[in-house]
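TrEMBL lists 1-27 with the feature signal peptide. Residues annotated as region 'Disordered' in TrEMBL: 24-78. Taken from TrEMBL, the feature Cu cation 2 binding site applies to H138. Under the heading Cu cation 1 binding site, TrEMBL lists H143, H178, C179, H187, M192, H333. For 394-484, the entry in TrEMBL reads domain 'Cytochrome c'.
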Amino acid sequence: MNAIFPVFTLLLCGMFTLAGCSRGTSAEPPTPGNASAVAGAAADTGGSRKGDFGPPQGEPIKAVLTSPPNVPPPTGRSAPAKVIVELEVIEKELPIAEGTTYTFWTFGGTVPGSFIRVRQGDTVEFHLNNHPDSKMPHNIDLHGVTGPGGGAASSFTAPGHSSQFTFKALNQGLFVYHCATAPVGMHVANGMYGLILVEPPQGLPPVDKEFYVMQGDFYTVGKFREKGFQAFDMQKAIDENATYVLFNGSETALTGDNALKASVGQNVRLYVGNGGPNLVSSFHVIGEIFDKVWYEGGTRYQENVQTTLVPAGGAIIADFHLEVPGSYVLVDHSIFRAFNKGALGILKIDGPENLSIYSGKEVDSVYLGDKAASLASVSTAATSNAAGTLSLEEQVAAGKSLYSGTCSVCHQDNGAGLPGVFPPLAKSDYLATQPKEQIVRVVLNGLSGAVKVNGQDYNSVMPPMSQLRDDEIANILSFVQTSWGNSGERVRKEDVTAVRAATPRAEGAAH
Ligand SMILES: [Cu+2]
């Protein structure tokens, strides 16, 4: 019996639907004596054919729309209604990173666009208004619509105009909506996407906190974190060479004061979408395990999940219970995106420690990098640098923030290093005696081989840090040279530029 059981299950799964087989729900694992669980038919929602609950009842309801990271309250209804959605397209310049702006095209003034929440069977009267100041026509394709173009064909809207169409939300689930005006990729890349939740008739299980998070990839002419206004780069977008990968349209949307907040003991739900236009997301929360994930935004959930895939133009719902206070980091686990392109957000949990579950003390900088410090000083320094008024104090303040995210993992926050492993920068005789050019070279190209610092021998490898911009290196070194008892020289951006130009590019180094 045991030998033929897997074959038996496989056959049934192939014969019927995939539901309840390969990616089970809370249903019992299939056993030969449990035929209904094997077929999974009992849990079948019936899809669109069973999603029409008849004509709308009662007075029409105006949908509550929310800006990210907020989610509208549950509809709380037990009958289908007519729901009116008013969504306005606004093209506007917003910060994409500290000190960097970009012209986003938005649904409702934010990236992602306003969150829409309805109930399965509702009749949705959709009004799309394109602000008179817009330069472009726009439309909307909602993945929760049954009908050609998902509404796009009926919603082409010129600047200063409005359009209207109506649909019945036949399928439950969490759906992406986006603009589908040509060039579609460009409209999506500029932030034209959001989420619409079609609640199942019985609603979703209640939780304490709900948040709205949506990933997107962005393509700018300038490099990552290059200051000032940045324009869209079509070729980078076609090449899928993202400059930024972000949650909620900005590097700082979910960090610092904007971190998501909850408390120990609470159940948290994340509605996570991915607008793309190009990249799929390996969504992960560092230090948490999702108790439930409604994968692909559909009806069934998987349990006890570490990382879940969010396709471009797709979404998931993740629930988890909070046991231990601290900072939890939301990332795309395609990890260079998190640490070098901005795909990082913070969920700050307050409440009492729970030492039986986790004993450790919180060390923010391990995963937060330069997000542990405020980057405001970095952007102030960049502004002054552009204006030609950069003072040593501004350089030192900016350098301190950058140091904590870049150098402190090895040389430590206090510059003391680790005996025998990482040489000290505090009171370093190497720093005191080597010419300025050599110090810059160490940061740009790294350092390896035997070196003596304060009488101690080191023979290790420091990786090149050439991904840092010239002004950033100047600020870090100005901070290092004037801190912890060092009395070295201030380093200016021009010093770094000169060394970089004179140095053959180190192998594997960024440029
Ligand atoms: Cu558009």
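Placed from the backbone N, Cα and C atoms, the Cβ positions cover glycine too.
These figures come from a predicted structure and were not determined experimentally.
Feature map: annotations from TrEMBL on the structure.
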| residue | record | Cβ neighbours (10 Å) |
| --- | --- | --- |
| H138 | Cu cation 2 binding site | 26 |
| H143 | Cu cation 1 binding site | 20 |
| H178 | Cu cation 1 binding site | 28 |
| C179 | Cu cation 1 binding site | 27 |
| H187 | Cu cation 1 binding site | 22 |
| M192 | Cu cation 1 binding site | 31 |
| H333 | Cu cation 1 binding site | 17 |
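In this structure, none of the binding-site residues H143, H178, H333 sits close to ligand 1 with a C-beta under 6 angstroms from any of its atoms.
Straight-line distance linking the Cα atoms of H138 (Cu cation 2 binding site) and C179 (Cu cation 1 binding site), rounded to a whole number, equals 6 Å.
Under DSSP, H187 (Cu cation 1 binding site) is assigned to a helix (H, G or I) in the three-state scheme. Within the model, the domain 'Cytochrome c' (394-484) carries an average pLDDT of 93. When secondary structure is read from DSSP and collapsed to three states, H333 (Cu cation 1 binding site) falls in the coil class. Mapped onto DSSP classes, the domain 'Cytochrome c' (394-484) shows 44 helix, 16 strand, 31 coil.
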